[in-house]
Amino acid sequence: MDHFLYRDGELFAEDVRIADVAAAVGTPFYLYSTATLTRHYQLFDEALSGMDHMVCYAMKAASNQAILRTLAELGAGMDVVSGGEYARAKAAGVPGDKIVFSGVGKTRAEIRQALEGGIRQFNVESEPELRILSEVAAALGKTAPITVRVNPDVDAKTHEKIATGKSENKFGIPIAKAREVYAEAAALPGIEVIGIDVHIGSQLTDLAPYELAYQKVAELTEQLRADGHTIKRLDLGGGLGIPYTRSNEAPPLPSDYGALIKRTVGHLGCEIEIEPGRLIAGNAGILVSRVIYVKQGEGRQFLILDGAMNDLIRPAMYDAYHDIVPVVEPEAGIEYQPYDIVGPVCESGDTFAKNRMMPPLKDGALVAFRSAGAYGAVMASEYNTRPLVPEVLAKGDQFAVIRHRPDFDEIINRDTIPPWL
Ligand code: LLP
């Protein structure tokens, strides 16, 4: 459920008229709903109630500081994958001991930054990383709390570009090698083993792969404890899918997921951590765009929008489906017609949808891409020197710009001309 609903014939974000935001900010823009972000965070928090737990929001999904602060105020921790994300989380007011550092390629500088600023744990993904972490921590006179990310070789049954738990993926350490790696970790200076980490992919719409992966983690917990390691925290990753269409089957609920966690690892007495991103932010955000032209092509009609692939890359990159709805509610009984919905960028890949049935739309009409809150603004670029899309946050009947649209000078003044030119 989200808070983008039609009321009095037009789309609202909570109690904010989307047309009012468009008038104030211009298009395109991302618009998030505080109530939806809050609700989604709380679904996870409640799903794990009764267990010692922390929901560490995977901020790669949507990392605006206003979003981070909204979630942090509810008690969320953060899952970060770069020094930039770490700095952003700190700037948003998240304390270091609520920040988890994931990712296959942490640099020495990033490790140092997190050790100095405070960290809940590093999720270590390889032996070379483990050794560098030990070296950097020992040199700073610090101890790095770690889990090792294990790769359980489970098929997450999702898009191949976002599956991470199969042995051919670059992520984690093969689970069969885990005991060896934990033995090495325990012997290294500056390292404190505290648990195990696993993450098998994103947009999972079936709980079965989680069940398999978590059972393997439970077995490994017992083995590692028998080997003498302290395993007190399990980071079970993120990945729970969201509905992108309103007609398709509903993906599993966080409450079902929570029950699965209790069933598979609840008996181990570990603190449970999860790292959801998409389910918290995805349906809490929309991208609003305006129709520039309706163009009659050969046997098809194009809806040319002012939003483009650089603003929302998911359709071009993953063939992702996003629901696109008019901001003015279609009249009952109106005949829908097929449109190819495209942006102004100079490549054919700049296509959001083909043959999409829509009510008749005219130049100037506003449309909203639903489910665009996760992996939307964060994956935007300035391709074609199109300014990064602004972000706006709604709360009740208020809205605020949380990232402004840069003007052309701001963009082009980042370039510097070398002295020989
Ligand atoms: N934890 C780790 C270690 C991850 O790699 C990810 C996502 C998450 C948590 C959060 O997963 P979520 O709950 O959001 O599914 N750009 C792609 C998605 C990439 C996901 C990368 N890792 C997309 O637009 O679909």
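In case you wondered, yes, glycine gets a Cβ from its N, Cα and C as well.
Just one of Tyr214, Tyr244, Tyr375, Tyr383 is listed by TrEMBL for the same substrate site as Arg278, Arg314, Tyr318, Glu347, and that one is Tyr375. According to TrEMBL, the residue from Gly239, Gly307, Gly343, Gly349 that belongs to the pyridoxal 5'-phosphate site alongside Glu275, Pro276, Gly277, Arg278, Tyr375 is Gly239. A coil conformation is recorded for Glu275 (pyridoxal 5'-phosphate binding site) in the three-state DSSP classification, outside any helix or strand. Among the recorded positions listed (Lys60, Tyr318, Cys346, Glu347), Lys60 has its Cα nearest to the Cα of Gly277 (pyridoxal 5'-phosphate binding site). A Cβ distance below 6 Å to any atom of ligand 1 is met, among the recorded positions Gly277, Cys346, Glu347, by Gly277. Listed recorded positions near Arg278 (pyridoxal 5'-phosphate binding site): Lys60 (candidates Lys60, Arg314, Tyr318, Cys346; Cα-Cα distance within 10 Å). Comparing the Cα of Tyr318 (substrate binding site) with the Cα of every entry in Glu275, Pro276, Cys346, Tyr375, these being the recorded positions, the smallest distance points to Tyr375. In this view, Tyr375 (pyridoxal 5'-phosphate binding site) is surrounded by 25 other Cβ atoms within 10 Å of its Cβ, with every protein chain counted.
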